[in-house]
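Undergrad: Per TrEMBL, the features are:
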TRANSMEM  31-50  transmembrane segment
DOMAIN    46-435  domain 'Cation/H+ exchanger transmembrane'
TRANSMEM  62-81  transmembrane segment
TRANSMEM  101-123  transmembrane segment
TRANSMEM  130-152  transmembrane segment
TRANSMEM  164-187  transmembrane segment
TRANSMEM  199-223  transmembrane segment
TRANSMEM  235-258  transmembrane segment
TRANSMEM  265-283  transmembrane segment
TRANSMEM  289-305  transmembrane segment
TRANSMEM  317-336  transmembrane segment
TRANSMEM  348-371  transmembrane segment
DOMAIN    519-598  domain 'UspA'
DOMAIN    618-746  domain 'UspA'
Amino acid sequence: MVFQTAATLLTDAVAEAGAAGPAVLKSLGHHAVFLLLLQLAVLLATARLLGELLRKLKQPAVIGELAAGVLLGPSVLGALAPELQHYIFPRDQHQADLLSVVSWLGVLFLIIVTGLETDIGLIKRRGKSALLISSCGITIPLLAGATFGWYLPEVYLADPSKRLVFALFMAVSMSICAVPVIAKVLMDLKLIRRDIGQLILASAMTDDTVGWILLAVVAGLATAGQVDPISVAEAVGGALVFLGLMLTVGVPIVARIISGVDRRIGGVNAQTSLVIALALGAAALTHQMGIEAVLGAFAIGILAGQAPRFRREVGHTLEVVTASFLAPIFFASAGVKVDLARLANQEVALVGLGVLGLACACKITGVYVGATLARLSHWERLAMGFGMNARGAMEIVVATVGLGLGILTIELYSIIVMVAIVTSMMAPPMLRWALSRVKMGEGEAKRLEAEAIAASSFVRQIRRVLLVSRHAHSVDLPAQIIGYLSHEQPIEATAVYARPQAVKSSWWQFWSRRRRRYAAVGAKALERIARPLRLLKGSRPELKIISDADPAEQVLTEAHRDYELLVLGEVHRGTESLFGPMADRIIHKAPCPTLIVREPARELAPGQPPLYRLWSPRKILVPTVGTEYSKNAVELAAVLAASTRAEVTILHISRTGSNDVETARPHEIGAQIVAREAERAKKFGASVETVVSEGVRPEEDIVRLAAQGSFDLIVLGSSLRAVSTRAFFGHRVESVLKHAPCPVVLLSAG
């Protein structure tokens, strides 16, 4: 609805240009552009300054951003320096429309970020509660607002003959809430991931959707004198159909679009642009359907955030742009429209206090009743009511529409805007007070702890994996490890079978027996890779065969397409080189962390079933020295153990005979290291035991303990040493790789 102002501005410009001569779009004047830039600079600087000031006072920044607009409006700056205020914010509708376009971009971006932060699974689980809360939170304010409007003295009505329209309009203004303000408050208070925060958002979005439909109905009644049942049915039906399609058919479509762009272009910038474009397109669609534009942007935010290939850096980028630029502009520009001088009259002030009290009482009461039916606790009910009591700029939009349609007087317009500002300022401290008394359930605490761990975890950030194999019999174990990692997180895998061509290809050799044989071997290898990868959560694995004179270069080219992990499968061949020239080069130049899976030498008879086809470790050994590399290795082992119900043994071996200060108390230091790593591993759901010992040659002790303890897997964390052209991780690591009695996973990430 507000977006129509931009369309009106454009139409007027075309009309004026057509009247003046040729049908050419009239460009913005020099002074109009200057004023817009000046307004943005003043609003942003003041809003951010007051926002940071409020943040230092342990209050949400949104209060300062709203107050900044009031200070720059006619209430303060207009009273102290009216000429300056009129110069910066002239009474020019076209100039105001330009600022409205920018400020409403802030609304859309804030809604996109809100959608990205929304846990749709949690909302589905709490959907019944959200519906109950929203229903009561709308019904009671609607009845109270309609009653108030029906009995208000005629002096406050712009047109006494439209008493019914006025009463309905007051009903809508009482029932609506401000999702952007609520979302910003929850973000500022770091409560948006709490169960109660998600429930507040779900209920508020339902409120707003119904509220905008009701506003469209009342606006139609005001302009046409009657309500068109067909238009109302189209608006309601369109909203339900749109949401239904987006949450069903839209889920795989958006995920596939994001995956395709990420695969073909890659990078945070490309995905950020895609999400914005999709959100703006969906907003345009819902606006054209007669539904509020924010609904489309919110839906895209939800779907993008749930996509397996969505990058968390994109959400961070959008949040930075929104919080630092667009949202402050939006909130400050809303405050500029407030004229507190209109409330100086005693009677008007009393009416204003009455409207404010009624608005707060009926909204909080309605939500409290709904939350009671949803069986929430007393403090959760109050928190829901305080949170959804914020009207914010959405109420200002409603007031603006009412003023433009001739429903409201300027006095009542100022009262409604005052209610929007005051309720938005009331929400943060009241919400903080109520939530401080809400006890966090065990399930919620575990979920938040898991999210906090995942946010700082190397393994939990893995979404795209490149699996490279040079031998058909070396793919089973690496592929199954990737499959186990996907049990708790969606992973997209690309499997590459890469071997150098024996001879240079030419067009007449393309259909040669050698080429066909190579293709058949590659196809069989990919089929063996695909078997365990089909169990991946997320999407089907992408399978590729690289046939090139320099396959390492082709693999590295593929690896630069934003993978989080590169996996190599190797089988011990009894040679001096651990991996071979091609693998050495890939490991040296890999743009991402590498995971090397090395299996012990075993002879395979022709036709023998694949090695470790149903491999599932029962005992995993993780040597650690307390470094970042070791921490990541422990994480990897813990995730594998949680997926396979294996037991993890965290081992620290101190060298004896050392005079270093750090090893003067080897057992005590080792105990601290393994205790810290064990605590972290348990948070991933692994069963853990610790071992601390001393030895002259730790590498030999590791191999011996692995054999004595019948371990199925050793997980090592190490860094690549740049000492030669071959991949070298240190003599101890190489010794374990060569002599281990079981498969070894070497993770180079830190």
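Glycine too: its Cβ is placed from the backbone N, Cα and C atoms.
TrEMBL: automatically predicted annotations, no manual curation.
Each of the listed features needs to be described in terms of its position in the shown structure.
TA: Under 8 Å from some Cβ of the transmembrane segment (62-81) lie the Cβ atoms of residues 42-43, 46-55, 88-89, 181, 184-185, 188, 327-328, 331-341, 392, 421, 424-425, 428, all in the same chain and six or more residues away from its ends.
Tertiary proximity for the transmembrane segment (101-123) is limited to same-chain residues at least six positions away from its ends with a CB under 8 Å from its CB atoms, namely 2-3, 5-6, 36, 40, 130, 179-180, 183-184, 187, 192-193, 195, 198-199, 201-202, 247, 275-276, 279-280, 283, 293-294, 297-306, 315, 318-319, 321-322, 325-331, 333-334, 393.
Listed as Cβ neighbours of the transmembrane segment (265-283) (distance under 8 Å, sequence separation of 6 or more from its ends, same chain) are residues 108, 112, 246, 254, 257-258, 293-297, 299-301, 304, 310-311, 313-314, 317-318, 561-562.
Through the fold, the transmembrane segment (348-371) approaches residues 129, 132-141, 143-145, 148, 152, 156, 173-175, 177, 203, 342, 380-382, 384-386, 388-389, 391, 411-412, 414-416, 418-419, 422-423, 426 of its own chain, all at least 6 residues removed from its boundaries and within a Cβ separation under 8 Å.
Looking at the domain 'UspA' (519-598) alone, the prediction's average pLDDT is 73.
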Undergrad: So, taking each listed stretch (31-50, 164-187, 289-305) in turn and counting its Cβ pairs to the transmembrane segment (317-336) that are under 8 angstroms, which one gives the highest count?
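TA: So the stretch in question is 31-50.
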Undergrad: Hey, which bits of the same chain come close to the transmembrane segment (289-305), Cβ under 8 Å, at least six residues off its ends?
TA: 1, 3, 107-108, 111-118, 120, 179-180, 205, 208-209, 212-213, 216, 231, 234-235, 238-239, 242-243, 246-247, 250-251, 254-255, 258, 275, 278-283, 314-315
